[in-house]
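A.B. asks: According to TrEMBL, the protein carries these features:
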type: DOMAIN; residues: B:90-156; note: domain 'HMA'
type: TRANSMEM; residues: B:174-194; note: transmembrane segment
type: TRANSMEM; residues: B:206-226; note: transmembrane segment
type: TRANSMEM; residues: B:247-265; note: transmembrane segment
type: TRANSMEM; residues: B:271-288; note: transmembrane segment
type: TRANSMEM; residues: B:422-440; note: transmembrane segment
type: TRANSMEM; residues: B:452-478; note: transmembrane segment
type: TRANSMEM; residues: B:736-756; note: transmembrane segment
type: TRANSMEM; residues: B:762-788; note: transmembrane segment
Amino acid sequence: MNILYFLVGSSVLMALIFLGAFFWAYKTGQNDDVHTPGIRILFDDEPQNEKSEEDHFYN
Amino acid sequence: MEDQNNIATKALCYHCGEDLPKLSYSIDDKNFCCAGCRGVYKILSENNLCNYYLYNNNPGRQLKEESHLEYLDEPNIIAQLLDYRHESSSIITFYIPAIHCSSCIWLLEHLYKINPAIFSSRIDFLKKQVTISFNHEEISLRELVETLNKIGYEPLISLQDVVKEHSSSVDKALVLKIAVAGFLMGNVMLFSFPEYFGLSGLEKQFQYLFGWLNLAFSIPATFYCGRDYFVSAITSLRHKHINLDTPLALIIAVLFFRTAFEVIFNTGPGFADTLTGLVFLLLMGKWLKQRTYHHISFDRDYRSYFPIAVTTIQDGKEKPVSINEVKIGDRLWIRNGELVPADAILMKGDAWMDMSFVTGESEPVHKVLGEIIYAGGRQTTEAIELEVIKPVSQSYLTGLWNNEHYKNSIQKETFNDSIAKYFSLGVFIIAFSATAYWLFQQDSHKAWSAFTAVIIVACPCVLALSTPFTLSAILSVFDKKGFYVKNTDAVEELAKCDAIVFDKTGTLTSTENAQITFSGSLDDGEKILIASLLRNSSHPLSRHILKILNVDEFCSLEDYREVLGKGLTAKVGHHTIYAGHLSMLPITVENISKSGVHIVIDRVYKGYFDIEQKWRPGLTHLMSKLSKYKMQVLSGDTDRDLWMLKTIFPKSTRIKFGQSPHEKLNTILELQQGGSKIMMLGDGLNDAGALKQSNFGIALTDNINNFTPGCDAILKGSSLNDLPGFIQLSKDGLKIIKTSFAIATAYNCIGVYYAVQGTLYPLVAAVLMPISTVTIICFTTFATRIFARKNKLI
């Protein structure tokens, strides 16, 4: 059962890593604006390539 | 105007969604209501940005009149506005009130297509802010703002931008503390589980390890997460005063020391699970209390109304100067539509001042040379020259904010703080008598464990949680109904109010639905003549009247002339038409009221368009519901509406007219000295002092994005009729808090029964605390919903 010592240690370490990740994310401002990115992702890509595709078909 | 076509379709402007006038502007088969909207479309289509119109229908806003931006060329003003500047790149954040939909986000984040010197732009939608980074060698700040203005997104640059406040850092630290507390609680719970289920022989060997790990986790919970409670407790004790944080700090300390003691001497498992759980829940309650609205600002003062710069005349030349640098004796040059920032004497020009900011009276006032013009007046006609007699910070209007006797000096005592005293006293009495009893029985071990257990189990954490949970549930009910309250403490203030003071203009009347009536008579031919004249003007009144005239034919004009703020004149064929203010007319007319848009055709007076403010609907019903409160009306206006007010309000209501902002403030002070708790409803800057002084100030507005003076709550004009429900719900909220306190006390009594016997097992404490917390949270949430339904707010 001594393996439990190792498992307890690694579980605490894992949790610490996640906590650290949250600290990093929060301090770099990733939670400052949680509304706009949700809208931003719905924008389509620019349809600017239409013409070049047409050229491609006709050439 | 080469492509103006006469299109008789009932349609909306492709850009802004306004009704199209009979004769619309069109380009690319799209119709626009005005040249401004068409101009924006043109810019966007030239830059291949027409996707703007795909995400939403008619996403644009009508362009406002041109503003002067010369001050943005001044290096010291630029330096105040920029967030960051390095070599060739700069970063700036603007507040843009026009941001309202996804199209706005799309367009403003593609600014680089309009001008490649803009590197990137990013929007924070809720705060209506855009952060732009640009190359300041290729595009100046002024050109950047002009670009934004051209596409209809005028940034609002006010004095308050310069004095940026950083209040969010406190909030950030709290969130990090909650994260740590959550982490600690989760791990401690995990290590305490074997203890809960009873240890088998196999697990016994881990008991020692888990105990030490729990102790290790308790250290940051106490000294990092719980630090604020100790600081607050010590400061309040120093002031010989007990607040709710005092018993909380004591409990955290007792929990920690008992845990440390039991682990180090290996006498038991300790209370690490209770400790970390308590700290986590307390911090959650604190966070709920601090949560506030990002998009609404409650602490505005005169600085957000004032521009950051004003044009001065130095050696015969115009020079923009930052407002803070304006000195006594400076010559100011105030153009049409600009605000006078400091008390000054009129030196040159014809001044028609709109003093509605200061007095609430909407009619422009004529000032003659040598007269004093107070700060806050807005010039409505030609440019004038003024000499400053008082610096900005000491002018008549700003003095309203610098009055020292505001309510902040009065110590506001919440229900929690008042009960914390008795609570702490009760707990101490029980704890000490239990200790004394066991010491008397010669059992010092039991005495120590009874003392600590009583303090642990009698935790007022429910008290610390029920208030924020109830009040924030109430806030979210209010929020959905268009009533935005500053914070949870303000809800308690609302419940205590027993007198209501109303402002008239803009509060009881609505600024949005002005009713336009014509006194006189016009035949169809004359209507066409007037419409032809008015459609050339971008003044809001011209547009309103044009819509009412509803004409679909226009004549061509000659000699068109617009005198800013006064009126229009032109020749149509052999007719000469005038429309505007009395002083504009070519003939003197007698026996008519001053206000309104007067019409003269060929030197014959035809009548005038009167603009009347409409009373908000349902006022009589509202006042009869509120009749149990003392009511008073303070109006900055003349007494022309006295009879109307008398029919709306109950007989006992006092009505005062012609009130200056200082008189309004003094009336509130007098009422407060008489022992009343005042709720004040107002809208303009002229109510600002009274709103701030009242116990609960509500700013009424038809559009929550408009500027409102500093206040405790912002109420949408359309929700005014729900006011009695709002007040009642806040009162019910206090009842809920008191009931939940009773429930918590019942739980505590069970705990104390075991605690005084010195037989409280950590498991009982660990189970009792979450159960009572969950009960309280469920109770407050459901009770709030039930009361909200009863008050017809859901």
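Glycine residues also receive a Cβ, built from the backbone N, Cα and C atoms like all the rest.
TrEMBL labels come from automatic prediction, so no person has curated them.
Walk me through the surroundings of each of these features.
C.D. replies: Non-local neighbours of the transmembrane segment (B:174-194) in the same chain are 203, 206-207, 210, 213-214, 217-218, 220-221, 224-225, 269, 272-273, 275-277, 279-280, 283-284, 286-287, 290, 762, 766; each lies 6+ residues outside the stretch with a CB under 8 Å from one of its CB atoms.
Note on the transmembrane segment (B:247-265): residues 211-212, 214-215, 218, 222, 226, 229-230, 232-234, 271-272, 274-275, 278-279, 282, 420, 423-424, 427, 452, 455-456, 459-461, 464 of its chain, located 6 or more positions outside it, place their CB under 8 angstroms from a CB of the stretch.
Cβ atoms under 8 Å from those of the transmembrane segment (B:271-288) belong to residues 174-175, 177-178, 181-182, 184-185, 188-189, 192, 214-215, 217-218, 221-222, 225-226, 229, 248, 251-252, 255-256, 258-259, 456, 459, 461, 464-465, 467-469, 472, 488, 762, 765-766, 769-770, 773 of the same chain, restricted to positions at least 6 beyond its ends.
Panel annotation: around the transmembrane segment (B:422-440), residues 242, 246-247, 250, 446-448, 450-451, 454-455, 458, 460, 463, 752, 755-756, 758 of the same chain, lying at least six beyond its termini, place a Cβ under 8 Å from a Cβ of the stretch.
Long-range contacts of the transmembrane segment (B:762-788) within the same chain: residues 192, 195-196, 268-271, 273-274, 277-278, 281, 453, 456-457, 459, 461-462, 465-466, 469-470, 473-474, 477, 729, 732-733, 736-737, 739-740, 743-744, 747-748, 750-751, 754, 794, each at least 6 residues beyond the stretch ends and with a Cβ under 8 Å from a Cβ of the stretch.
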A.B. asks: Averaging the per-residue pLDDT over the domain 'HMA' (B:90-156), what integer do you get?
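C.D. replies: PLDDT averaged over the stretch: 86.
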A.B. asks: Can you tell me how the residues of the domain 'HMA' (B:90-156) break down into helix, strand and coil by DSSP?
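C.D. replies: Helix (H, G, I), strand (E, B), coil: 21 helix, 20 strand, 26 coil.
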